[in-house]
Amino acid sequence: MHGLDREALMGLARLAGQAILECRAGGLDIETKADGTPVTQADKRAGEILTAGLAHIFPGLPVICEETANAPYEERRRYKRCFIVDPLDGTKEFAAGREDFCVCLALVEDGRPVYGVIAAPVADRLYAGGPGIPSLRRESDGTEQVLRVRRPVPGETIIAMASRSHPSPGLADWLARFGEVRTVSRGSALKFCALAQGDCHVYPRLGPTSEWDVAAGHALVLGAGGVMTALDGSPFAYNKPEFLNGPFLAHSLDPADPRLG
């Protein structure tokens, strides 16, 4: 994409991830936000790194960040391009001492995700890609692998991703359309990474999420040849009047598959 410094974005996400690990090593200071969700010093520090870094790399381009998302829609509706970031996605996993948390950074244009970066700090691994930009996984030693979703063959058991900390009511009933299903629970946007690299076939989310939880993963799935829509098949948009998302489905199936109806 013209004018997009992908290396700078990947480096920035990695830097935020390193700061998160440093905060964890220094001990956790967990607070509770007004909506009842946890926030730590790591969230705040990573958010500062991302917002300052983006302002330096892309001066003037708006940033919608989970910890500072306070611009009114009357202002945001004029954004043609903006970044949507979650400095620490999977705070519950992070606070519980697990490894499935990540940094999410997405560039959105006209309400559509055009590039996403997800950093997995514990593994020191980066995922990045978007529509027209083949998704990749970069290891700590710099080696890269192009990612591609895996379409199930006829008769294959469908593998579904599910949230570890936020189970979706009715998920089992919804998945029944596929017959035999194996469900894997994982925290954070790393579920999108699993789909993009062919570890699962579907990731349905029936419960609420926020835009910063999914924008980077959405871009990554598209760059790996996958599909993501609202649960009813309509386009999934960003920078909406409200940041709360409705149900969605990310998958590797043929869009004409009748089981998606």
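Glycine residues also receive a Cβ, built from the backbone N, Cα and C atoms like all the rest.
Remember, predicted model here, so these are calculated numbers, not experimental data.
Copied over from TrEMBL:
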- Glu66, Leu88, Asp89, Gly90, Thr91, Asp213: substrate binding site (BINDING)
- Glu66, Asp86, Leu88, Asp89, Asp213: Mg(2+) 1 binding site (BINDING)
- Asp86, Asp89, Asp213: Mg(2+) 2 binding site (BINDING)
- [ ] Starting from the Mg(2+) 1 site formed by Glu66, Asp86, Leu88, Asp89, Asp213, give every other residue of that chain whose CB sits within 8 Å of the mean position of their CB atoms, in sequence order.
- [x] Asp43, Val85, Pro87, Gly90, Thr91, Val103, Cys104, Ser188, Ala189, Ser210, Trp212
Open item on the list: Other residues near the Mg(2+) 2 site, CB within 8 A of the CB centroid of Asp86, Asp89, Asp213?
Closed with: Glu66, Leu88, Gly90, Cys102, Cys104, Ser188, Ala189, Ser210, Trp212, Val214, Ala216
- [ ] Other Cβ atoms within 10 Å is the metric here; tell me which of the binding-site residues Asp86, Thr91, Asp213 scores highest.
- [x] Asp86
Open item on the list: Test of understanding: give the count of other CB atoms lying within 10 angstroms of the CB of Asp89 (substrate binding site).
Closed with: 28
TODO: For Asp213 (substrate binding site), name the DSSP secondary structure in the helix/strand/coil scheme.
DONE: helix
TODO: Could you state the whole-number distance in Å separating the C-alpha atoms of Glu66 (substrate binding site) and Asp86 (Mg(2+) 1 binding site)?
DONE: 6
Task: Leu88 (substrate binding site), number of other Cβ atoms within 10 Å - done: 30
Open item on the list: Measuring Cα to Cα across Glu66, Leu88, Asp89, Gly90, Thr91, Asp213, which the record gives as the substrate binders, how far apart are the two most distant ones in Å?
Closed with: 12
Task: Where Gly90 (substrate binding site) sits in the secondary structure, as DSSP reduces it to three classes - done: coil
